[in-house]
Amino acid sequence: MVPEICRDAVHWQEEVQMAAAEALYFVVGSVVPPHIARRVVIAALRIINLSDSGDVFDAWGEILSMLLPQLPKDDALRLVVPAVTARAAAPSADSRRLAARIIGALDGVLSAADLEAQFLPPTLLLCDDEDASVRAMIAQSVATLGAALPLGVCESHFWPKLVSLMRDENARVRAAALRALAKTAGAHRETAVPTSLYGTVLLPLFLAECSRAGSVAASDLRTVSDDTYLLLEIFAEVFGVFLWAVCALLEDEDAWTVALNALRRMVTCNGPTVRHWCAFNLPAVAQVCGEARPEKARGVLHALATDTDVETRATLAAGFHQTVAQLGSGPLRDEVLGAFASLITDINPQVRMNALSHLSSAVEVLTGHATTVDSDVEGDTAEARTRRRESRPGSFPPADEDVGALELAPFFASLVPVAQDSWRTQELLASHIEAVAHRIPQDVLCDHLAPLLFQMARESTYLVRKASMRALVRTMRFISDVRRRDHIVKHFRTEWARGKVYWTRLAYTDGAAAALDVYSSTLFRVLFGDELIALAADAVPNVRLRVASILPRVIAAYEHARPDGDNGVVVGSALEEEAAHCAPPSAVRAALDRLTSDPDPGVEAVARSGIAAIASGAARLTKAQVAEDDSHAVSETLFFVKRSPKPAAPHLLPPGTSAFGDGGPGVGAANGRPPGAPPPPADGGMDGVGRLGPGAEPLGGGRGGAGAVSGGGGGAYAAAGAAAAVAPDKAASRPAPPPVVKPMGRTSVDGRLGDGARRSSVVPAARASTAGAAAAAALPKSAIHPAPGGLGGTTIGPGRVSTAARPSTAAPPGGANGVATPGRGAGAKSAPVAAPPPSAAAAAAAQRPGKPPKKSGFCCFGGGGAVD
């Protein structure tokens, strides 16, 4: 189509030629083959030669200038140069203006020597043209031509002409000359010498323009003339490059004050176009001020980030990563962080998208000196490894260099609204979190980013879900606390691998596939392997299809994985037992073999191709992959921190003594006996590790007191005789209910775990025993005496006696010992132990016979809590 237009357009009427130029405008803006470019240039030159002026002349002249950078050099010298030279001397102002336009478009086609030889004389001639439009056009072309020619040509020929044009009576000429001076000065900054015209010509000119622009920007721009506003707009456009060109010559504070005051006034003026150009030039200003005087730029970033003009904020956000690179680690760091948070949560989606486009690079700077944990691990000494572990994000406690990373917590918390944005924004956010997860402290990862990724994965589209799963897997890799990591892994398994909706299981397979590249083979096997194998039997064919495509890589990883513990990989406390029973490689092969006979033909085909790849060795890990896997294993060993279990509750008895003993059932819940006494019969009670003895009736769970003493499972306890202490006839006729066994860590309906109380695997039935406690409190003091059995005074906290648990009257064997008697269990040392004095609350309750004591609340979390 284009060759046909170029062949016939010269014969068409002007209206049709205009339509053809409009159609070709979109063609020449893209890359075209050289022969097509030659045809279009020839057609444009023929139409221009037949028309001396008018819209057709201008339209095809624009087509010619746009296509010249794609024209081969020989064609340009043969076709264009003679035509431009002739047009530069033509009597028509339109022809001369076209020649000036084309001269500026040839800098990317011809060499500097060709440009100087062919166009230096016509350029200088056109600078003195009588027509203002020609002078403005050639000044605009000098901006590109002067940047391509040597500095000596600019100093001796172009800059004197441009300085002269700066005094032109036409504002457009002055504006074009100002732009050309700034751009040519910036182009030759690196090659400038102290004796150049930079200090004698350009610096005074720059400071004069700063003073003028500052004065104009401080006024109401609605009242200034169009020419004045045009010059202010052009100066705002070139301010950054002009400042960068002469900054080395700004030696005194007065010069810096003049330059930066002009910027402040332009940033706060009421001209949106001026503020937009200030935002465009801020990276250059940040580079200059960040090296010399960063405090001079304070307040500029905040003003632009909160500007009322959307285009200004969008432009600032598009180049914000360059500004962060210069100012993010200096004294303006707080202002940079606040501006970034403002832009990334902006009400305009384009502003948010521009800010998110460089999130990872900005976070790299804002997190300070953190280093990647997967680097420089080989050959390190133990001391170096310790220092690196202590200095990485999420260490215990955080090192000084991680303070910058921890300060980002409010910033990441502000990303929650962004997670509800369009799916493109969500996908971009997930990809940047994946890229920068190794720089973020684990508190931020656990508290903000992991929930954010789960939310986006559940509420958005497939592409967002896939990106979120990859980011989540990488996020879990950089949570150094194994317990916190395992908590997220557990949620990942229960809610996604075993989810009721098929797409959650598909998402889990995406995460597992990403984990093969992030984790070592051993840790992948522990964290993801078994659930992935189980999904091979999923009811949905698409899930089985995805698993079948992954299993060959999983088999290769399993074959390379060492037995658990051989490479030092730390397995979390919640996964230790499971790690010992991980599925062997044969189970993965068996799962893939089963899929070869799947009823779905697509699943069967993928499984068979996987079997073939394994048989041929194509699925085996390469040497590079094996080395990478070993590197992952070493870095995981150095990185993950397996925190020690919480210390046991403080023992309230003198050192070396115990009221409960270390094991074995006995008479009463305390399991105590005098020194040298034979072991008592196992007729009920609590043994030393917190289990109920045979025949003991569990009491309604109590609230766990601080440091409750209950062997291995702190909490309230009682035997069948506890209720008989106040109502022996009722207790004798009521059989003891069996203990209710619940899994560890689950909370009873009416309780919670007290501070310091340890969980037990045997949880008493959740029923209150306040009636017996109240009746015991109502008995006369003469009837209250220590006796074998009954509900005893349980020692809690720092030796206090609960008001709800008082010594009782005689009771059948099997109750709690009324006092902390001297005794010892198996393995405990014998020593006399005095009963603790009653607390103030207990004494007050004892003085009010008949009035039930105040309920303290009975509850149970795991193994129950001590009566308080």
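From the backbone N, Cα and C atoms, a Cβ is placed for every residue, glycine too.
Note that the coordinates shown come from a computational prediction; the quantities given were computed from them, not determined experimentally.
Copied over from TrEMBL, here are the features:
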- 685-709: compositional bias 'Gly residues' (COMPBIAS)
- 797-814: compositional bias 'Low complexity' (COMPBIAS)
- 840-859: compositional bias 'Low complexity' (COMPBIAS)
- 373-399: region 'Disordered' (REGION)
- 646-709: region 'Disordered' (REGION)
- 730-757: region 'Disordered' (REGION)
- 789-868: region 'Disordered' (REGION)
- 119-157: repeat 'HEAT' (REPEAT)
- 158-196: repeat 'HEAT' (REPEAT)
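Residues 124, 127, 132-133, 135-137, 139-140, 142-147, 149, 151, 202, 205, 209, 226-228, 230-231, 234-235, 237-238, 241-242, 244-246 of the same chain sit 6 or more residues outside the repeat 'HEAT' (158-196) yet have a Cβ under 8 Å from a Cβ within it. For the repeat 'HEAT' (119-157), the mean pLDDT of the prediction comes to 91. Broken down with DSSP, the repeat 'HEAT' (158-196) shows 25 helix, 0 strand, 14 coil. Helix, strand and coil counts from DSSP across the repeat 'HEAT' (119-157) read 33 helix, 0 strand, 6 coil.
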